[in-house]
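Below is one structure; the comments refer to it alone.
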Amino acid sequence: LAGAFCIPLYVPYVLTGRWIFGRSLCKLWLVVDYLLCTSSVFNIVLISYDRFLSVTRAVAYRAQQSNTRQAVLKMVMVWVLAFLLYGPAIISWEYISGQSIIPSGECYAEFFYNWYFLMTASTLEFFTPFISVMFFNLSIYLNIQKRTKMRLDVFHEVHDQSFTEEMERSPEAKLSLKCCKWEQKESAETLDLSKSKAQAAASTSSLDAKDLLETSSESSRKPKCCNKKSCKTSASTLSSEKRVKIVSQSTTQHFRLSRDKKVAKSLAIIVGIFGICWAPYTLLMIIRAGCHGQCISEFWYETSFWLLWINSAVNPVLYPLCHSSFRRAFIKLLCPKKLKIQPHYALQN
């Protein structure tokens with residue numbers, strides 16, 4: 001709208017230095033221009049608030065996500081509030097004050113040099129929205145950081161679990177350990193019996209007793225364990241399963257951390273560009289009104305004015321670039337056939 005209506009009317013005005021389209025079209029141009037710029041700001045606040053709810057109150061947000069009526073109401077309210085901020089003042093200022101201060105061949109709002117009105121309006125149009133957007137996005141970032149820390153704590157807790165605990169939790173490991181303990185007990189009992197027999201036969205033959213004791217000693221040193229191999233196999237299997245589990249969890253945590261950092265980075269870009277595009281115009285507008293246009297060069301004011309329109313041009317590109325959900329929404333709106341055909345090609349490939 002800004003590119004189709006506001007800029008084409010403003011370019012001849014800048015080049016010639018004279019408004020040639022009449023008083024009525026001048027007022028319409030002013031109303032539309034102020035409306036579009038203000039609604040752009042309020043939409044950024046609404047989107048940031050919506051993202052704030054989706055992150056901090058995910059359950060309640062998902063429950064209300066299918067409520068199209070509420071979403072439409074919020075979008076309509078943005079445009080209504082944007083119009084109420086400047087529209088009535090642009091239309092009725094000269095009638096309330098009793099006269100117009102705009103000379104012939106010029107086109108600007110009647111309150112252009114009214115410092116009190118501009119200070120109040122800029123507070124509602126820039127300072128309050130900018131603080132709100134910073135608050136919402138900072139809350140989103142802190143929430144992401146908190147969740148990431150919790151995930152990493154859980155991951156380290158799982159990673160630090162000992163192999164013994166893993167063995168104790170495993171039914172196969174328990175069975176193998178019981179088997180080994182039972183066979184060790186059996187070996188001990190066999191040793192005791194062998195020693196008794198050896199002592200009983202000591203009076204008959206000292207050589208036989210010596211051989212028997214040596215045999216029993218070897219039995220004690222090398223207790224047979226029929227499931228020793230199975231114990232090792234079970235331990236090896238459990239160790240492999242644990243390594244796979246740890247690698248899987250590590251990959252998941254790395255992916256989530258990377259995604260969270262990307263979200264935080266995109267939020268910083270959006271807030272930064274919003275501030276860069278709006279702060280110069282807002283500050284220069286207030287200063288210009290205070291000194292009645294004598295202390296600010298026309299070049300700098302024009303530059304700051306065009307920054308507002310640049311922001312309106314950048315936003316529709318910036319959001320899809322930063323968020324895949326916006327890209328999908330844009331594709332769905334602009335190229336619905338492409339979205340439907342894409343899975344068909346994916347299946348063929």
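Easy rule for this one: first residue shown is 1, then count along the chain.
Every residue, even glycine, has its Cβ placed from backbone N, Cα and C.
Record features, source TrEMBL:
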- 1-319: domain 'G-protein coupled receptors family 1 profile' (DOMAIN)
- 28-50: transmembrane segment (TRANSMEM)
- 71-93: transmembrane segment (TRANSMEM)
- 113-142: transmembrane segment (TRANSMEM)
- 266-287: transmembrane segment (TRANSMEM)
- 299-322: transmembrane segment (TRANSMEM)
Based on Cβ pairs under 8 Å, which of the stretches 28-50, 71-93, 266-287 lies most in contact with the transmembrane segment (113-142)? 266-287
So which residues does the transmembrane segment (299-322) touch in its own chain, when a touch means Cβ under 8 Å and the partner is 6 or more beyond its ends? 2-3, 6-7, 14, 36-37, 40, 43-44, 47, 266, 269-270, 273-274, 276-278, 280-281, 284-285, 288, 330
Predicted model, mean pLDDT over the domain 'G-protein coupled receptors family 1 profile' (1-319): 74
